[in-house]
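To start, the structure under review is shown below, and the notes come after it.
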Amino acid sequence: MTKTSRPLYISYAGPSLLEMPLLNKGSAFTPQERVEFNLIGLLPQNVETIEEQVTRVYSQYKQCASDLDKHIYLRSIQDNNETLFFRLLDSHLDEMLPIIYTPTVGQACQEFSKIYRTHRGLFISYPERDRIDDILRSATKDRIKIIVVTDSERILGLGDQGIGGMGIPIGKLSLYTACGGISPAYTLPIVLDVGTNNRELLDDPMYMGWRHERVSGKEYEDFIALFIDAVQRRWPDVLLQFEDFAQSNAMPLLEKYRDELCCFNDDIQGTASVAVGTLLAACKAKNETLGQQKVVFVGAGSAGCGIAEHIIAAMRIEGLSESEARKRIFMVDRFGLLTEGMDNLLDFQKRLAQKTADVSGWTAGTEAFPQLLDVVTNAGATVLIGVSGQRGLFTEQVIRELHKHCAKPLVMPLSNPTSKVEATPEEILRWTDGNALVATGSPFAPVEINGRTVHIAQCNNSYIFPGIGLGVVACKASRITDRMLMAASNALAECSPMVTGQGDAVLPPLKEIQQVSRKIALAVAKEAQAEGLALETSEEALLEAIERNFWLPGYRAYRRRSV
């Protein structure tokens, strides 16, 4: 699968070469390479192809007793031979994506200190804040193009996981490579260890992180600033992805730094982009416009509000005014519908609160603010999106009421992991007589209903962020803008089988994700050029750059270079 036959000249040899995951070939080193690099006797005599290696490791993988065991096994391959790891993923992506990322990665984060095997990435702790430059210099990779960083305060729907959150940057970057073709040589996972408020971790004798309550306020902000400044000195052109920061920090950090460097928050912007892409695909399939939809959210955190703002931006592109668009978005939290005058609303929530006058005539219960069923009923909802992290919030009554207003409602229970999902696809389809369009955050098996098989689209950020990263790297964009994200959403929608006429799923199958990433990369890069954020070239040149940067897992020939 390699795209070049040129040999790679390296100076490493013997056991040290076998201990380098980016260069190790294991049993695939050729007889000539074994002599040239002092490997005779360090490997079994038989020389294998990468296909034979994949067969062996897949057989071993199938013997693992649990999903967590499978995750640990795959990570051990990654830490030994990255090329083999990604070739294995390429052969079994549908099967292994839920293992290397959601939902299994959540358990891996919870058990991080117990299952820890070897180092990967950088751990930057608050007590070592004066040595961040030294820590970044210790990274063994010099040409980093994408960093995923977390402070682990909001890991999936599991909350504060301390340094265990490292599993998320590792998993995300694995998807940048498997889905978006970014070479693992150009990626770096980082955890910012600012302590933890998770008492279970603090009391755990095996916990490997800084045993201290979380730093907050000005101390936290100053630490983040030190980190950002150090990253810009070390890798000034890097794409920095913020991952799983708490909502109180996620949006402020994005707003503060998005105009200073090429950065991206996948929880806010990636989730929003894939959700809007899914919504656009559903609208295209039903011959409707986005502006015709009434969208109800359950969960008004940074992710939900980020999706809502992205939908509003898309509605405005269709021609609605901002006020018209905002009237079609309804945010429900644990207290009810976000309404102006509500206490303790964050700034990004206030923008999405409904005006009291607009809902004063609603028929509702006795609570101070309209509840979910009230909102679905009075708003005439056509789309229901769950980002609450609360199992079972989409009740049968709510879904049936939604179906009254819309023959084919779009229902998107996006919470991860599966134990946190607002309703299962089987429940949603049963309660709508098989008429709902369903996209979920976690993977679900197809559903049999009314004599047909319904394939469930996984509204997974892996459809979006690898393509965005590939586009940014290919065109060397200096920033990531809302219009670039909208370009990604539109490109994803155009790939929907419902739009292309190749199936009934809202999103394309994962086996096509590399082609989807290429299309998204082109759309993102063209928009970056249009905004003056990348050097303008022809579309042909962009396509060539995308292919040039798309790494495929295969072994190159090695030649010895003297030190």
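Keep in mind that glycine also has a Cβ here, set from the backbone N, Cα and C atoms.
Under DSSP, Tyr101 (active site, proton donor) is assigned to coil, being neither helix nor strand in the three-state scheme. Here the Cβ of Tyr101 (active site, proton donor) has 27 other Cβ atoms within 10 Å, regardless of which shown protein chain they belong to. Among the features that Swiss-Prot reports, active site, proton donor is placed at Tyr101.
According to Swiss-Prot, the feature NAD(+) binding site maps to Arg154, Asp267, Asn416. Long-range Cβ neighbours of Asn416 (NAD(+) binding site) (same chain, at least 6 residues apart, Cβ-Cβ under 8 Å): Thr102, Pro103, Gly106, Leu156, Gly157, Gly441, Ser442.
If you look up Swiss-Prot, you'll see Lys172 marked as active site, proton acceptor. Sequence-distant neighbours of Lys172 (active site, proton acceptor) (same chain, 6+ apart, CB under 8 A from its CB) are Tyr101, Val148, Pro189, Gln241, Glu243, Asp266, Phe465. In the three-state DSSP scheme, Lys172 (active site, proton acceptor) falls into the helix class.
Swiss-Prot lists Glu243, Asp244, Asp267 with the feature divalent metal cation binding site, giving sequence analysis as the kind of evidence.
Among the features that Swiss-Prot reports, site 'Important for activity' is placed at Asp267. All protein chains shown were included, and the count of other CB atoms within 10 Å of the CB of Asp267 (NAD(+) binding site) stands at 25.
Separating the Cα atoms of Arg154 (NAD(+) binding site) and Asp244 (divalent metal cation binding site) is a whole-number distance of 5 Å. Neighbour counts of Cβ atoms within 10 Å were taken for the binding-site residues Glu243, Asp244; the minimum is at Asp244.
With a 10 A radius on its CB, Arg154 (NAD(+) binding site) counts 25 other CB atoms from all the protein chains.
Cα separation, Asp244 (divalent metal cation binding site) to Asp267 (NAD(+) binding site), rounded: 7 Å. Same-chain neighbours of the divalent metal cation site beyond Glu243, Asp244, Asp267, judged by a C-beta within 8 angstroms of the site's C-beta center, are, in sequence order, Thr150, Arg154, Ile155, Ile168, Phe242, Phe245, Ala250, Asn265, Asp266. Asp267 (NAD(+) binding site) falls within a helix when secondary structure is assigned with DSSP.
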